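Asker: What TrEMBL records for this protein is below:
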type: DOMAIN; residues: 97-162; note: domain 'P-type ATPase N-terminal'
type: TRANSMEM; residues: 357-379; note: transmembrane segment
type: TRANSMEM; residues: 399-425; note: transmembrane segment
type: BINDING; residues: 473, 475; note: Mg(2+) binding site
type: BINDING; residues: 473, 474, 475, 577, 618, 641, 675, 755, 756, 757; note: ATP binding site
type: ACT_SITE; residues: 473; note: active site, 4-aspartylphosphate intermediate
type: REGION; residues: 875-898; note: region 'Disordered'
């Protein structure tokens, strides 16, 4: 059997593609089984079956020995729709060895190629057609086309149906193909990025898609991280490096990562790195960006690994000349891709509406066809029977019933135009036009960064105009994420407030003279503070104040960068930490450097080095961070900072008085919209710390449930602390946030904002950004740890809003000032939400007469409600009326200032007034007042 030369290149291409698709890393390890030749398909051709040990892949190769008519055909059948996915069993844990591809390949870990597109050349046609025929109209016209191919019932040519159907399918397919082509190009651009991989003791350039688990990669400043890496060494002291995680979590502030001391010694020595053969045991691939658990086994040592030594795919290396990392997860197993999910077929609300309309239209068509088919059967049985001589039935028709059945399908074909297939064409054309309008919109152009709007898909454009809810983060989204140290509370005294000569409080502004920190050569010139008394207390040597700032200078994860002699620049993972460390710096406690084992602080001009024994990390569940250090005198201290809710419950009983006063200060800070933290300390003894450190190391080697066990060990030592005080940090709103939120509210868009601040701070921010307004008579707080708790809180809030009904029905009473009546939209939505009722004519809802002191009463029961009210011109009186009947429109007195007895309102007849009433839908539960 001879394989033609014309097919050699093509077969080689397909072969290489199959290597990639089946995730087999080395062609030498690709097992092939060639079966015996089957009987020839043609006298001069034969068939060969080649199977790959990869799920669902089989090649059928037809070849021929004929020189007169050379031909060849290659057919690839994929049982699975997505060839890039492999049905590997789920991992319980991941094991790998550095610089050992042969060892790692037996686990069949995913390669580093990514795929976000939905289609390829083979799957585009079937998958796209399957998605398009989910539209009822397309499925209907396909069904109609099949009917038209039956000559007994077809009265129209099949050509009249197939042309518009093919046109619609083609236009949609072209649009979907263009969208997916953009994804393919993006995938190719990422997969073909260059990276430096250590292979055979040499650093070689490789494409990202060729990187494998266990490889050691070299990265340089401002480069993207190619895969999820374990940091081994870097150009910075002590194995530090800085990364930007904007692609992962949207945060632009730099985060620090630190290599293990045992691997940081490798440096950039290629020989030592090539000899590194450490074994890694870690958790399986998952989508948790802030968690990682594993262990490194090398040279007889076992060391715990956590997220602080991980560089995730999508991060950018910053302010670091170079670093080396070991690939732990590649391609689809990386945390970035684990969070991406698969590209789904999205159907808009207009698509769903059109599907519903088409179903109703088709139902109408079936009814019409049934009536006409039934009429034909009746006519054929009563009248047409006598015309059999002149109009005989076809041979296939043997009864009037069957004739009516065929007539039914004939009318389905004839009346098919009632289903508007052209509507789908129009919608697709409009969507395409909308995408260009979005791209051309000058009002959506951001001149500062030369960034226009870009419609990345034409499928969901119309959904932009139908948004009902916006879910937003507060920090960095509504606020500038630029923190400034504003106030603090130390030893039951507030610092940061400024008073005039009369003792009146003055708001901090540019006109005030800030504290002069010129005597501190390391002070930050951009730090502004207006209360001179705090600096004076520091200079007097107040012990509690010194301990307060000592906590700020030691309990953090800030890294330092030396820019010039005498100039310091901090790299903080959180702007809060940067603001607190900067405040301590200006008040004389200057954080100068850190190593994995020490922290150096210049305290009022004297350099002090603290030995760092443990860092008790902050997370969303602990809500606190602690460090255990040994000072120059040999004393062990624990310094802690965190939310007041977790600090207060861990304080020594002797702090009760100070805790009460500090709690009041925290509430005051929160009402001003400031972010607060509490600071505490504890003296430790050597024996207790030694035993605790042994338990900590033991727990650090656990893979499953490590976080819970660590939290329990941390909690053991964070007890009986002494409260030092609290801090208050300001994070200002971004420009035009209140105006933007007000316009969103005018568009009836509901905005939800997520924040981790105290309740009082959240309320204050709500007023600052116009989420809460003064027109709202009361703000209700709903809190609970379960769905049942929240449901109960909502019920109580509803009762507080409505009150208790006076009638015998299950009604509620709502009492509100007339200011609420000024906003008909607010009143309508509130009544509808609370009582389930609706005002039939919203446009008629108005406030007649004067604007002084009217009241409104409403009773609710199920879906019914009764409204009655009166706007009094001279007094702020209440009105009372009975629960309503059904279906009575707005009634209003003709004279705006009439005097007389109102039977409905029953108010004083001598007071000029104007009355209005409405009752709608059912019976109210009680009288409104």
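Positions of Cβ are set from backbone N, Cα and C atoms, glycine also.
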Asker: Given a separation of at least six residues and a C-beta threshold under 8 Å, show me what packs close to residue 756 (ATP binding site) in the same chain.
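Answerer: The answer is 620.
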Asker: Give the number of CB atoms, excluding that of residue 618 (ATP binding site) itself, located within 10 Å of its CB.
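Answerer: Its Cβ has 19 other Cβ atoms within 10 Å.
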Asker: Counting by DSSP secondary structure, give me helix, strand and coil numbers for the domain 'P-type ATPase N-terminal' (97-162).
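Answerer: Helix, strand and coil residues of the domain 'P-type ATPase N-terminal' (97-162) number 31 helix, 1 strand, 34 coil.
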Asker: Using a Cβ cut-off under 8 Å, which residues of the same chain at least 6 positions beyond either end of the transmembrane segment (357-379) come close to it?
Answerer: 136-137, 140, 400-401, 403-405, 407-409, 411-412, 415-416, 418-420
Asker: Return the residues near residue 473 (Mg(2+) binding site), defined as same-chain residues 6+ apart in sequence whose C-beta is under 8 angstroms from its C-beta, sorted by sequence, else 'none'.
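Answerer: Spatial neighbours, sequence-distant, of residue 473 (Mg(2+) binding site): 753, 754, 755.
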Asker: Please give me the CB contact count at 10 A for residue 675 (ATP binding site), counting all chains in the structure.
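Answerer: Counting Cβ neighbours of residue 675 (ATP binding site) within 10 Å gives 24.
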Asker: Over all pairs within 473, 474, 475, 577, 618, 641, 675, 755, 756, 757, the annotated ATP binders, what is the largest Cα to Cα distance, rounded to whole Å?
Answerer: 24
Asker: Across the domain 'P-type ATPase N-terminal' (97-162), what is the average pLDDT of the model, as a whole number?
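Answerer: Averaging the confidence scores along the domain 'P-type ATPase N-terminal' (97-162) gives 85.
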Asker: Which number gives the other C-beta atoms within 10 angstroms of the C-beta of residue 475 (Mg(2+) binding site), all protein chains shown included?
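Answerer: Summing over all protein chains shown, residue 475 (Mg(2+) binding site) has 19 other Cβ atoms within 10 Å.
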Asker: Between residue 675 (ATP binding site) and residue 475 (Mg(2+) binding site), find the distance joining the two CA atoms and give it rounded to the nearest Å.
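Answerer: Between the Cα atoms of residue 675 (ATP binding site) and residue 475 (Mg(2+) binding site), the distance comes to 11 Å.
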Asker: C-alpha of residue 475 (Mg(2+) binding site) to C-alpha of residue 618 (ATP binding site): distance in Å?
Answerer: 18
